[in-house]
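Data block below; observations after.
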Amino acid sequence: KKGVTLREDDRFPCNAGNCACLPLDSYSYTCQSPTSSTANCEGNECVSEADW
């Protein structure tokens, strides 16, 4: 994975069932529903807990 993140450990930052999106204009993850658009996310992806 490329990019710099502000996470200080490897715990998944979102609730179960949500996914982590890294906005193009931010270095901190936001959580969103897996059905939400990923157009504003780095790599156009929202990372699920399974893929974290």
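Counting starts with 1 at the first residue shown.
Any Cβ shown, glycine's included, is placed from N, Cα and C.
In the three-state DSSP scheme, Cys31 (disulfide bond) falls into the strand class. The disulfide bond annotation in Swiss-Prot covers Cys14-Cys31 (among others) and rests on similarity to another entry.
Look at Cys19 (disulfide bond): DSSP puts it in a strand. Within 10 Å of the C-beta atom of Cys19 (disulfide bond) sit 24 other C-beta atoms, taking all shown protein chains into account. The feature disulfide bond is assigned by Swiss-Prot to Cys19-Cys41 (among others), with similarity to another entry given as support.
Sequence-distant neighbours of Cys46 (disulfide bond): residues of the same chain at least 6 apart with a C-beta under 8 Å from its C-beta are Cys19, Ala20, Cys21, Gln32, Pro34, Ser36, Thr38. The disulfide bond annotation in Swiss-Prot covers Cys21-Cys46 (among others).
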Statement: Rounded to a whole number of Å, the separation of the Cα atoms of Cys31 (disulfide bond) and Cys41 (disulfide bond) comes to 11
- request: Using C-alpha atoms only, work out the spacing between Cys41 (disulfide bond) and Cys14 (disulfide bond) and round it to an integer in Å.
  value: 15
Query: For the disulfide-bonded residues Cys14, Cys21, Cys31, Cys41, which Cβ has the most other Cβ atoms within 10 Å, all shown protein chains included?
result: Cys21
